[in-house]
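Annotated features, as they stand in TrEMBL:
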ACT_SITE  H95  active site, tele-AMP-histidine intermediate
DOMAIN    3-110  domain 'HIT'
MOTIF     93-97  motif 'Histidine triad motif'
Amino acid sequence: MTIFEKIVAGEIPCNKVLENDKFLAFRDINPKAPIHILIIPKKHYKNIQEMDPALMGEMLSFIQELARFIGVDESGYRLVTNCGENGGQEVMHLHFHMLAGAKLYWDKNPSNPQSTF
Ligand code: 5GP
C-alpha cells in the first residue's frame with residue numbers, strides 16, 4: 001500500500017484542504033511553493049497512464065473547485081503530475097501537485113537535476 005492510500009484509509013494523518021467521495025486534496029509535507037497541495041483519487045491508480053479517462057474528467061472538476069476554494073482560480077497556479085521513473089514519480093499513487101501563491105519560476109531545462117518546478 002502506498003503512503004497516499006494509507007492517507008485515504010485514515011491510517012496516516014494529512015492536512016486536508018478539500019474532499020468529496022472520490023477525491024482528496026491535502027498539503028504537501030515538503031512544499032515547493034507558498035501553496036503546494038496534492039490532489040489524489042481515493043481509488044488506487046498508479047499514475048496518469050493508468051487513470052480512468054472518465055474519472056479524470058471528474059477529477060478536473062474537483063481541481064477547478066479546489067482552485068476556487070483556495071482563491072487561486074484568478075491569480076493562477078501550476079498543475080504537475082509526475083509519471084513513472086523518468087517523470088520523477090516517487091509515490092506510486094496518481095497525484096497532481098497544485099503549486100500557487102507566487103509567480104512561479106519556469107525552468108526551461110527540466111533535465112537539470114537542480115531544477116524543481
Ligand atoms: P512525486 O515525486 O511522486 O510526484 O511527489 C510526491 C510528493 O509527495 C512529494 O512532493 C512529497 O513531498 C509528498 N509526500 C511524500 N510523503 C508524504 C506524506 O506522508 N504526506 C504528505 N502530505 N506529502 C507527502
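Backbone N, Cα and C atoms are what each Cβ position is placed from, and that goes for glycine too.
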For the motif 'Histidine triad motif' (93-97), the mean pLDDT of the predicted model: 98
Neighbouring C-beta atoms (10 Å sphere around the C-beta of the residue listed as 'active site, tele-AMP-histidine intermediate'): 26
Cβ contacts under 8 Å made by the motif 'Histidine triad motif' (93-97) with residues that lie 6+ beyond its boundaries: 2-5, 28, 32, 36-41, 44-48, 50-51, 59, 63, 78-82, 117
DSSP helix/strand/coil residue counts for the domain 'HIT' (3-110): 30 helix, 24 strand, 54 coil
